[in-house]
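J.: Sharing a structure with you now.
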Amino acid sequence: MQHDPIDTSVALHPDWRPGDTILARLAQNAAQYPGEIAMRERDRGIWQEYDWRAYLAAVTEFAAGLEAQGIGPGDVVMVIGDNRPNLYFAMLGIACLRAIPSPAYADAPTTELAAQMARENIRMAVAEDQEQVDKMLEARESWPALELVIYDDPRGLSGREPAGVMGFDAIRAAGAARLQAEPGLRDALITRASVHDIAVLMHSSGTTGAPKGIPLKHGHVLSGVRNAAAAGYFRQGEVHMAYLPMAWVGDYIFSIAAATELRFSVNIPEAQETALHDLREIAPSLYFASPRAWSAMLTRVQVGIAETKGVKRWLYDWFMPRAMAAERARLAGKPGAGGLTRWLGEWLIYGPIRDQLGLARVKRAYTAGEAIGEDVFLWFRALGLNLRQFYGQTENCALAVAQGPDDISLTTVGRPFPGVEMRIDDAGQILLRGDNIFDGYFQNPKASAEALVDGWLQTGDAGQIEPDGQLVVLGRVSEVVEKRDGTRFIPTYIENRLKFSPHIKDAAVIGQGRDMLVAIICIDFQAVGQWAQENGVAYTSYAELSQTPRVYDLIAGQIAAVNASLPHGLSVARFANLHKEFDPDDGEVTRTRKLKRNVIDDRYGPIIQALNDGADQIDFKARITYENGQTGSLDRVLRLADAGDS
Amino acid sequence: MFYRLSGTYHTSYRADRRLWKVPTDRWLVVALLVLGAFAPLYVSPLYLGSYVLPWVIWSAAALSLTLLMGLAGQLHFGFAAVMAIGAYASIHLTRAGIPFEISLLLSGLIAAVIGAVFGGAALRVKGLYLVMATLAMQYLVDWVVVNVPWISGGAHATLRTPAVSFLLLPLDSLAARYWLALGWAVLLTVFFMNVKRSSFGRALVAIRDKDFAAAVIGVDPFRTKLMAFFTSSFMGGVTGAILAFCFYRAVTPEQFGFNVSIQLVAMVLVGGLGSVIGSWLGAGFVLLAPIFLTNIISALAATGWVPVSQNFLSHLPLMIYGAMIIGFLLLEPLGLAKIYDNIRKYFLVWPFRHARS
């Protein structure tokens, strides 16, 4: 960029007020509601609370300390780890200095992190704990420019820090001393950033090639949040559970941007493993989960109910199908049957299940990212949750299109938020425009020019607008592929329908340039394991269970059911159960669990070929990656089977 | 279905240790307290005086005994004697002109000291031998009360309680006596629950589980066992005084005989050792079940449905009652408290079978 980036931004967004930043909102909350709880973190079973005053103090002290370490405008600082208050404070502290926080996924391997550091010229990193610090130190070997690693959790590090590693508390203490010595510094830190400064640097998922940096400015995220609030999507003072990865745009929007703008209380679980338990303790009013997580929750309930007998089982089996039928009728436009059945069911089944799941107080429940299964969607709505779908990407702060509270449908994702314009171009691609749309990729003018045409974001998603103005998302424009006979299909579309089965966790449908569609299935270990117990199928491991003939029959039946709902010529003809789940560490899916098709085509090529050839089984040399990064191989015999006819 | 746990979180360990963390339990406690406090308004005097009042007092007695037997694991088969000491001491003290409130405390102290002296045997012996030692206390106290006219007024004499008032509330009405008894029982209940979560309570449990193992982890068995006998006997002594003043109003030695001790042990065992709710349920069961059974069976006999002889009829309720105790203990050896706990847990995980998170 030849021009001063701020000037360019001012020209693009003439309506933005310069001082309108997340930091200003934070300072305002601290001034007006100093004692209100802004954040809670569960630590050894006890919720530690931070009010807005403490929040602001932590942010400014950390910023002052970080500045003393030589961070200034335009520097990129990596933030890596699970959700922790100090990492959130660090993200805002970095933004105070007009530097750019660049969050990374906690489970990203060192090589990916080192590549990100090199791309973004990162000199400092804030890491959660010893594990992350070790990764940073390892990355430093290939990227020596990494000067300083700041850790949050002192366990295993305090007092014996390696060179170039400092504690968050030490930085904060130094910053506090600076704030004490320089009276005007605190206000200067809060007001230094402008609405045109980058608030956070997100990353595309990198399904194809290296991830692209997506800088979001204060103005982008704030207008995104305000648009959503205007549509009633967020309310003031929500209770929110921050359990999603910090490197995902949604967490930034919910836990930082909306939280400061609308004074949420942000609750952080003790660990990823305890998130569902902690969810019940907090009972949030706003809950977002991916379709996969909703589906996992439903599976958990179904497994739990399958264990019950007698009255409990009978009541569930009596009330839940009725609620589902009523909800189905309601979505079809018929008045929902309420009355005594609903009231009784609410008391006996729906309310208690919502309570067990920790969703008892959820007023606004959302899902996005991919299509949600009809059964899952209906089940949660029947349970009395107003579950709604929305649509967005990192490029538009994840806030673009959402279903209203009252016009819900399974196929559409709703209407654009106020302030967001939407249209479909000639190729059937969804285009978006608005103040929440980013201004271009990070140091990548070529990609930016492709993504933004006349201010319209090229989402790359194929979609259509229904007569009533609701958007239907079909899939990625780039994913439309053809069979050898020219039939066009979107693999994701079929895969999502396969995944709606509780027994199928992941699926890859392959058929480009071939005569038939074949599927590689990863069974859901919990659900199929439960099924195996009930049906007396013996197994010792995932691999063994997946290859059992009766499990093959089970899966074949489920595929046949999906085939029945697909257009002719698009049914899945044959399939194989994989001996393992798709794993981001093996590179088969991204960290957000999107399939990497080229990897699958490459690695499982022999299986796909054998399926097409009509073989009954295949000796497959499976590649495995160990925890330490080494790879090995294992011989597996995989069964191949025909799916039921459509 | 009844229990809603979401939204219950703690911001300090102190809050995490509180009694009744589940909202439903709190509501239940409040409801029971209200029901109990206003019982004189809606229960007829006959039922209040002959069912509810003794139930409340015997629950307090069972709580006192279960502290010793359930928490500290020290068997005591002479607890009626401890109550007798409290009852006689309080009457003599009030007759001597000491205010009722103070004589309650003093009678508790006297019972505590004598109880602790006999409990000293527990430092040397355990199990059945301790049962023998406490039985000795029962018979010794019985003998002394009967044979020292200065205490009982003679073997067949009845000692009337003088008219007293408690904190300006005259104890001549049934409601006043009920309220005093209820207040004492509630006080003991709260005390007991707090003992269970205090260091003293944990020391008692350590002694119960293995006294020399407790000594290894730093619990002094001598001190703790004596404290257990002292505390339990104090509670029992005051309960004995309350029993004399609020229920019997005239005491004779037979009211505190060996069979009463056995009945107390039965209350504690049927209810569930070391349990608060078990003490209430156990006292209620042991006290009220025979009465209800007798009423039901005589009603049935009156209609002619149960064609049995009059002689057999008087034994039938006792047989059923005995069978019920055996049945309950077979079904759930940990007592009525465990049955309640099972029911509570059934609803806690509703509609699932196990906890989900």
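Even glycines carry a Cβ here, placed using N, Cα and C.
Look at TrEMBL and you will find B:27-47, B:53-72, B:104-123, B:130-151, B:176-195, B:226-250, B:256-278, B:285-306, B:318-337 tagged as transmembrane segment.
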J.: Do any residues of this chain, six or more beyond the ends of the transmembrane segment (B:104-123), have a C-beta under 8 angstroms from a C-beta of it, and if so which?
T.: 74, 78, 82-83, 85-87, 89-90, 93, 98, 130, 133-134, 136-137, 141, 221-222, 225-226, 228-238, 240-242
J.: Using Cβ distances below 8 Å and needing 3 or more such pairs, separated by at least 6 in sequence, tell me whether the transmembrane segment (B:176-195) contacts the transmembrane segment (B:318-337).
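T.: These two stretches do not touch.
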J.: Counting CB pairs under 8 Å, which listed stretch among B:53-72, B:130-151, B:226-250, B:256-278 touches the transmembrane segment (B:318-337) the most?
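T.: Comparing B:53-72, B:130-151, B:226-250, B:256-278 against the transmembrane segment (B:318-337), the winner is B:256-278.
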J.: Between the transmembrane segment (B:27-47) and the transmembrane segment (B:130-151), do 3 or more CB pairs sit under 8 angstroms, pairs being 6 or more residues apart?
T.: no
J.: Are there residues at least 6 beyond the ends of the transmembrane segment (B:53-72) whose Cβ is under 8 Å from a Cβ of it, and what are they?
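T.: Distant contacts of the transmembrane segment (B:53-72): 36, 79, 83, 174, 177-178, 181-182, 184-185, 188-189, 192, 195-196, 201, 204-205, 207-208, 224-225, 228-229, 231-233, 235-236, 239-240, 242-243, 246-247, 264-265, 267-268, 271-276, 278-280, 282-284, 286-288.
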